[in-house]
Amino acid sequence: MNQKGTVRLKALVLICLPLFLIATPVPVAVTEDDRQDRIESEAAEKEWANTLVSKVAQSNGTGTIKVSAPAKPTLRRMDNEEDEVISIECVYYDEMECEKSGDCEITKKTCYSEAHLKAVGCLAVFGLPTQEINSTEPYLKVDKPQYKSLGCMPYQHADSMNCENESSCRQGRSFRGGIGMCCCSTNNCNMPDLIEMVNPSLKKDSDNSALLWASTPSNMDLESLDKFPFYWIIIIALSVILCIALLILAYVGWKFQQNKKEEIKKQQKIKFDMEKTDALEAGNVPLVEPEEEMIEMVETPKELPITDFQLISKGRFGKVFKAQYTPDSGEKRLVAVKKLNEFQKASFLAEKRIFDELNEYPKWYKSIVEFVCAEKIGDEYWIVTEFHERLSLYELLKNNVISITSANRIIMSMIDGLQFLHDDRPYFFGHPKKPIIHRDIKSKNILVKSDMTTCIADFGLARIYSYDIEQSDLLGQVGTKRYMSPEMLEGATEFTPTAFKAMDVYSMGLVMWEVISRTKLHQTDEPPNYQMPFQVIGFDPTIGLMRNYVVSKKERPQWRDEIIKHEYMSLLKKVTEEMWDPEACARITAGCAFARVWNHIMSSPDSSEGYHSGSSMKNRGVDDVEQSEKPEGIEEMQHYHASSPSKRQHPSPNPFFDSCPPPPPIPVILENGGILQPDNAEPEPEELPDLPIVEKIYDIATNMLFSREELDLMNAQRQVEYEAGADTRASTPTPSGTFGTFTT
């Protein structure tokens, strides 16, 4: 053990030893108050039982037995939340009700403990036979004609009421008038086949001797009471000590992990400095060191060198501004500032965590929006990234049609960004990284640069996947409803990195459909107006509607005939369909999708033209592309990602040389900062916030899953129906958990 481990062990011993001495229990005797409480409790429960028997055993002139209904305990909840309510299901029968109304059916009822009688058991009162029975068995079954009353009774201690039996209701007491009584403590233990009486032949004086219950407990009961608290104090004290020890161990482990992370960061810093020195000596471009100090969030208000704010968009949780950023170097640049309110703090922290992770790598990947800083300014949370004048892919496609060459560059660059996020070792990065799950891929979260390449943005719902840490928050049903994968809509996601990545791939397939649908294939082609995926079912569909359409009916966005017949675009259509396959395990990965798109786009000899026809394409079959799982000739792409943005262009065909060049940027900004929308603009779909996982509880009565709120409401309704006499579950077992408190 090293020196640090020894210090930690000594500290743990010094902390635990005083706690152990303080919490060690000392034997204590029962106080007079405890003794008096025990006496009063037993007296109350025995008085209740004697009252019940006195009502049952009343002799008339003929010597027969007249039966009255037993005093059933009131079914109610305890007002004090600290009092535990115990419930039990017992068989119910009343001879008087049978004689009066003719309802002689044996039913079942649920009873609850109440007041100071903390427990409740099942009860049977029956008549003892007057004739001698020729049997040597100590206990005999009680026949139905002997039943006087079946139900339940509250009690304080099972031993004083002879309720220790669990499997059957066996006679423990007899009373004057030839009446026997038994008590048991499990559900339905007083069923007809389980009621037993003492053989009167073996105890002839049972009818003449009254075994009445005492009004005070015996000396043995008081002695057992003296010992009872001592054992419980030991158990409770040891439990407290164990909990404290576990908390201390957890804290020590957490501190150890923090120290370990700091040591790893120091080693990475030393390694980075060595790599930077080697790069300078070799004459290469020096590596960029992550600016960790600049992006640390502070709780105190501070100012950023950002001016000239111009509103771009706003929503329920924040606003996005175009602004001018002037760092210490004095070189001004346009940035996008996303200002979030307090309700979106979790989204801010999640996005900042992703950018912190990406900022630790030696270089920034060009298919991810470039990060500037993240700060808390006043009561707002700011995320500052690079600004792109073409705004989002959604804005571009909604207002313009594009050429095939523009579509090629858009599709290639956005899938390039997704494969970078997902893969441990991306194609053109050269460094290992942790997988990142975006969880909200859509056309609004993909920005279009001036050269028609794209970058992925908005990481408020993204998570870093760690193979050695369980992350239950990845199972939440989050994202934009119309872009949710079938398994997300169905709530049947596997807890594997492949399954989480497949959800992003599905969403990216829908974005590819949006791009291809707005692509002009030839001079006379007229693409239809922009439509969001699944717009046929409404602008703001519910989760249930999406589940029925996508999961049950397996519907997908429809292709227009021109796309299906077009030889070049039909292969991109096939890749898209493989990305939105209903089965998550059958979808291709983002890396595979990029390889197929790259090989298809870069293999066309006439890809630099504005439009493609079947005759101008290289005759390349789909099967040939499917066999190429890795991009071919990717040296240009590697150089592109290794260079600065201004030194090398994207290796895909340049859309600005097309006969149908890209549309100009969107400069339509009003004086108040809002984007000018056309008159027939569609309403924006709502996004689902990152909600916590809803606990689902199984209800046996309905064989369905419900939330705790739904189940509490259902439980209250059942209780009202029961108290009103509307219970119709006669002769059938009441499902466990139907009454009382539901637990998971």
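Each Cβ is built from the backbone N, Cα and C atoms, and glycine gets one as well.
According to Swiss-Prot, the N-linked glycosylation site annotation covers Asn60, Asn134, Asn165. Residues or ranges marked as topological domain 'Cytoplasmic' in Swiss-Prot (evidence: sequence analysis): 275-744. The ATP binding site feature in Swiss-Prot is assigned to Ile312, Ser313, Lys314, Gly315, Arg316, Phe317, Gly318, Lys319, Val320, Lys338. Annotated active site, proton acceptor per Swiss-Prot: Asp440, in sequence order, evidence recorded as sequence analysis. Annotated compositional bias 'Basic and acidic residues' per Swiss-Prot: 620-639, in sequence order. Annotation source Swiss-Prot lists compositional bias 'Low complexity' at 731-744.
Swiss-Prot feature annotations superimposed on the structure.
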residue : record                      : contacts (Cβ under 8 Å, 6+ apart)
Asn134  : N-linked glycosylation site : Ser201
Asn165  : N-linked glycosylation site : Cys182, Cys183, Cys184, Ser185, Cys189
Lys314  : ATP binding site            : Val320
Gly318  : ATP binding site            : Lys338, Lys339, Leu340, Asn341, Gln344, Glu380
Between the C-alpha atoms of Ile312 (ATP binding site) and Asp440 (active site, proton acceptor), the distance in angstrom, to the nearest integer, is 20
In this predicted model, the topological domain 'Cytoplasmic' (275-744) has a mean pLDDT of 77
Cβ packing number for the residue listed as 'active site, proton acceptor', 10 Å threshold: 22
Going by DSSP, is Asp440 (active site, proton acceptor) sitting in a helix, a strand, or coil? coil
Including all protein chains displayed, how many Cβ atoms other than that of Ile312 (ATP binding site) lie within 10 Å of its Cβ? 22
